[in-house]
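The structure under discussion appears below in the form of structure tokens.
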Amino acid sequence: MQQLNPSEISALIKQRIGDLDTSATAKNEGTIVMVSDGIVRIHGLADAMYGEMIEFDGGLFGMALNLEQDSVGAVVLGNYLSLQEGQKARCTGRVLEVPVGPELLGRVVDALGNPIDGKGPIDAKLTDAVEKVAPGVIWRQSVDQPVQTGYKSVDTMIPVGRGQRELIIGDRQTGKTAMAIDAIIAQKNSGIKCVYVAIGQKQSTIANVVRKLEETGAMAYTTVVAAAAADPAAMQYLAPYSGCTMGEYFRDRGEDALIIYDDLSKQAVAYRQISLLLRRPPGREAYPGDVFYLHSRLLERASRVSAEYVEKFTNGAVTGKTGSLTALPIIETQAGDVSAFVPTNVISITDGQIFLETSLFNAGIRPAVNAGISVSRVGGSAQTKIIKKLSGGIRTALAQYRELAAFAQFASDLDEATRKQLEHGQRVTELMKQKQYAPYSIADQAVSVYASNEGYMADVEVKKIVDFDAALIAYFRSEYAPLMKQIDETGDYNKDIEAAIKAGIESFKATQTY
């Protein structure tokens, strides 16, 4: 039998003692003293930061929103029903982060970046903070490149540029979501990555949107962030910030991204609910005092950043490229009241608004854009040359038509010039009508608007304008494909292009039926 040497035993014991890790990680721990409606009040978390992740028993997390003298108010990110008074809560020392990167394209995720489309886990290499400071004035660049929405009425009269914030506002059932989805579909060949944030919508509605994006092939360059109506208010509050962080990944690397918030009215309602449960003092319409800041800090993150910013952010990996994040926030009004609290806030934050009207929608004018009060404050400098040159008279024609139409109701006999102006206005109104999921390219719009401006539609019946326009575009796409391709790629307008368009329209009118 082998005997152990006492010196060996002592050496072994010394080695074990030397290897023993006695370091301790100090965790700030508190006790839950109240749980109600997704809000917990925790006693004893002295070192909690605002917005810090709080860990509860059972792997559940919360977010610290109220830092009071003797307690912390936190909102639970998930099902709060498993939490009880007396359970422990721990600080994590981290703020909320979500996965970012190209791996999220084509996927549907919740407000925390977890996949909810049944297609397995997302192998994202990077995460980023949900709440970030927007780029400063020095790092920004003016908006001078277009985002084609595919809508004639928008691209000609209310153009949107890369890095712009353009509000889509209107009552329920006026086509706000349809316009946003069409804007995503129109980016098929533009290289713009898209993020669609659904806030407080029915799950069936979100499923329909995803299905339509898949059918049109748009899901390949789109991420859908969904916080449905059944999700906790905290998720609906966080979803826009999460989506914005996912979009910023592309902006900061010299690419272009488009984000749609559908809609921010429901986010404001969710935030009001959280604030009231946290016992914050209510203000106008029971919203908390910082509801303006809720939206301004979100929408300020949409911007066009300079090549220097991109180069600095990527440590020189990407040079000579500007990045942009374009935002199309949606606001739902009640009975057309644009002077309510949240609509006026968002109107003042954004760079213009597209106002959709119920009366126009019901009259069959779709998209139901009211060109009179819709405006784009910075998009004009981002329009392509050909659209800018040709679309100048469209808004004027519609404004004059509306004025004359109101006057003509009381006048029995009209002079020839007034009658012609009225008829031209009617034709332009018809021309702006468009089917859903059928975006017009730059060339398509150029041909349509040129035909209208030069009087080629004057002899076409008003009710046949839509059919005439569709037939004209189809003719140009088949017979003048190289010209259309040139216009789409360059956006230039010169005498040769004008002559070619003119010849094409005359040839169409001489040889085709419509």
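From the backbone N, Cα and C atoms, a Cβ is placed for every residue, glycine too.
Bear in mind that the values here come from a model prediction, so they are computed numbers and not experimental data.
Quick look at what Swiss-Prot lists:
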{"type": "BINDING", "residues": "G170, D171, R172, Q173, T174, G175, K176, T177", "note": "ATP binding site"}
{"type": "SITE", "residues": "S374", "note": "site 'Required for activity'"}
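Features per Swiss-Prot, on structure.
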| residue | record | contacts (Cβ under 8 Å, 6+ apart) |
| --- | --- | --- |
| G170 | ATP binding site | K176, E332, T333, F355, L356, E357, T358, A368 |
| D171 | ATP binding site | E332, T333, Q334, A335, G336, L356, E357, T358 |
| R172 | ATP binding site | E332 |
| Q173 | ATP binding site | T358, F361 |
| T174 | ATP binding site | L356, E357, T358, F361, A368 |
| G175 | ATP binding site | L356, F361, R366, P367, A368, Q436 |
| T177 | ATP binding site | T205, V209, D262, I330 |
| S374 | site 'Required for activity' | M157, I158, G352, Q353, I354, F355 |
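Highlighted in sequence order, E332, L356, T358, F361, A368 have their Cβ within 8 Å of the centre of the Cβ atoms of G170, D171, R172, Q173, T174, G175, K176, T177, the residues recorded for ATP, and are not part of that set.
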